[in-house]
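Colleague: After the structure tokens below, expect a handful of questions from me.
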């Protein structure tokens, strides 16, 4: 390539807190894939002071300023460098990235098979690391219990029976457990010394063993397809088939990778096992369930995501993951490490955007279309701050298809604004919690209830539907969101594809709105969240609209989390309100009459949601479904959390495969497909309209 030239020059290198930044002479050796540095240009003929292998490295411009960037090698070593200006930084970054990509791809193409390499765990193991020595029973054949057999010519391959598939699945589970033991043994090695966990041979062994297991899983899937094709004609139409593997409790699933024993299940006749595999999923009804708000209790969970320890400890894991990704890659099907998860489902995160129900209810109290649009914009901009749990950018659980989340909020009627001057509650957060606790003794007429339900309606693509309503105020909101995530180098971008609809039935108004993109920045250091993009809010009936811009931090200077917007009357093109500030700090609203209002989101009252206790929740409700993962994360047991998470995801994948094989469609519980969107099965606009029609007929 024309861009693969060797370059050299002076850069500042950060050494430590004491020494600080020092000028060093750097040389990019494209042929060898090395970044070397010397004390100065005159000492270039001497041995380099330092060398980094660029294969598998990550080159990332810094968010601190326009001059700094870092080179993160696959070994875990990092150079933090600073150019004289932005142009020089871009020159170095682009050349380093080209060289890195070239040598990373070369490793994948030219690496010899493991059997021809001189390295082995047995030969390199020492008395200090007995856990990595290979046991005699763990050779390549016995490890997977697979041999090579040549079939006699003319012989037909026998059709696999269901009990044979169960046996194969059991052997696969044992092999997966042993493979995880191997990975753990490698990862328990020290990061420095003669044999380290970042040794290139060991990293290659981890990758090839995982690829082998993936290949075996694909082969097993082919066997399932073959069996399903033989059985398709004998099953009743519409039957849902469970996955053909032993039924084991989630609590014991994949425990330490040990071999599992299923004597009771295996000793049953094949016909009984297949009958159960067909019938058991059908016991889970997909009929909508009416949740009684009186069964819900005020939420006591307060899982703030402020712990940086896990992220820092798992730095090498992140580096290894990043080395496998390419710019622009869709992350929808990429399994991310468990330690970056926050302790809630994405469905519950959508509910947390409703944590200011007083502002939501107050929208319909606006005395004019202009005031109602402004109130909706005020509510919309205050919802994102509480939706984030802490300053660290962690990822909520990917909802399982069919997963649901229910909750509600109760707001004293006295706290709801009725005029333009009291849009925001005057109570402090502590006073608000006290008020919500006192609600238990109040009568129904003393408070409004906002009910919320969310459901994961699709797995690929991942689409969530959510709906909230306040029956007393005749208002509701329905939305569907498709989350599309992409790898952007040192950031992960999430596009929220979809649309929401707010209905104010008392006024006959409908407001359509979209959601901004979200970005997880600085994923190698301290990850943080940034919102970006333009969103629009429109009300066709009144002719009012709002345009809101979430600004990402510019390349040169600029503020974080900045947002600007304006509300206008489309007919006259008159701006009636402008807003600016930070979506997680202070917002300034300026109205057409010259008045200005400031809203400090950090002091804004938050109403705790009400959720049913776990024992009253259904098996597919978020908190009950993910309870073992959440408990393990709270205890700091990442391995155990990973096992529980993997069991859930594996169940979902197998069920999805067999639905595809039997052409059995997935039936949603609360949301119905309408055009390109999803709508709640019993929205308030339908029930209110039906009630009004019935009243008219009675009169």
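Quick reminder: no glycine exception, Cβ is built from N, Cα and C everywhere.
Taken from TrEMBL, the feature domain 'PH' covers 4-101. What TrEMBL lists as region 'Disordered' is 104-136, 638-657. Annotation source TrEMBL lists compositional bias 'Polar residues' at 117-136.
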Colleague: Summarise the domain 'PH' (4-101) by DSSP state, stating how many residues are helix, strand and coil.
Modeller: 21 helix, 40 strand, 37 coil
Colleague: Let's see if you can do this one: DSSP helix, strand and coil counts over the region 'Disordered' (638-657), in that order.
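Modeller: Helix/strand/coil tally for the region 'Disordered' (638-657): 20 helix, 0 strand, 0 coil.
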Colleague: Please average pLDDT over the domain 'PH' (4-101) for the predicted structure.
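Modeller: That stretch averages a pLDDT of 87.
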